[in-house]
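This report concerns only the one structure given below.
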Amino acid sequence: MDWILICKALILGVVEGLTEFLPVSSTGHLIVAGSFLNFNDAHAKTFDVVIQFGAILAVCWEYRQRIVSIVTGLPSRPDAQRFTLNVVIATIPAIALGLLFEKKIKAVLFSPVPVAFALVVGGAIILWAEARQRERREPPRVQSIDALTPLDALKVGLAQCFALVPGMSRSGSTIIGGMLFGLDRRVATEFSFFLAIPIIFGATLYETVKDWQAFTVDSLGLFALGLVAAFVSAFVCVRWLLRFVATHDFTVFAWYRIAFGLFVLLVGYSGWLNWA
């Protein structure tokens, strides 16, 4: 493994870790970064899923005590059972639609115009949602993640389905959707983190089974480097985001999305971006 390949794996891991939990679309960033780094071989998709796994491990580590408490409390504690049920309910819609339309989504939406459009539209939705939040006089209805109802979870799960469109952002869809449905900003952010766990674990398992040939002796080292880079950067990002949402809104991410969407459109049609 040469040092250039090592640098590419580390850069992509950091990009994934920094963008997976921000409402900016990690998919769009990985496509652009992978193209500029000329990292678009046959197993690039598997590498992307592996580094996503590294990012979700960071969430598991950050919330390890709560996760252990939920798992051990499942047989007897109603709060643990209710929380688990909410995560399951919120996860089902995206998994069902993803399995049904995976091939069509890849065939139709993985090109510069749809991704750029999703980035810009997602940014506009965030601006609109934040304007609504500022106009509200009453506090958010759901002030604690334990106060979520199954109906709240279903609504957030339906919002997560928009993330099947490349460029829309899973975290953006769930956080902004949650806020629009009455969740406090921090509650929506934390619930989005927990929803990522089954989604990304499932995607990792699915891609591993589908492309097991990619896991060779030569590639394992590269995958491990990317995973570690994603873990570290995601851990830093998650902690930073939790502090950020306590005192800021998501307007800055909205304008960034719009600018990045226009950039994707520019590089896509200029020939600078090898869209794979």
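Glycine too: its Cβ is placed from the backbone N, Cα and C atoms.
Copied over from Swiss-Prot, here are the features:
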- 4-24: transmembrane segment (TRANSMEM)
- 45-62: transmembrane segment (TRANSMEM)
- 83-103: transmembrane segment (TRANSMEM)
- 108-128: transmembrane segment (TRANSMEM)
- 187-207: transmembrane segment (TRANSMEM)
- 217-237: transmembrane segment (TRANSMEM)
- 252-272: transmembrane segment (TRANSMEM)
Item to check | Long-range Cβ neighbours of the transmembrane segment (4-24) (under 8 Å; 6 or more residues past either end) | outcome: 30, 33-34, 37, 39, 47-48, 51-52, 54-56, 58-59, 122, 126, 169, 171-172, 175-176, 192-193, 196, 222-223, 225-238, 241, 250, 253, 256-257, 260
Next on the checklist: Three or more CB pairs closer than 8 Å, sequence separation of 6 or more: does that hold for the transmembrane segment (187-207) against the transmembrane segment (45-62)?
Outcome noted: yes
Next on the checklist: Below 8 Å between Cβ atoms, which of the listed ranges 45-62, 217-237, 252-272 makes the most pairs with the transmembrane segment (108-128)?
Outcome noted: 252-272
Checklist outcome for this item: If one takes Cβ-Cβ under 8 Å and requires six or more residues beyond its ends, the residues near the transmembrane segment (45-62) are 9, 12-13, 16-17, 20-21, 26, 30, 34, 39, 193-194, 196-197, 200-201, 203-204, 207-208, 211, 214-215, 222-223, 226-235, 237-239
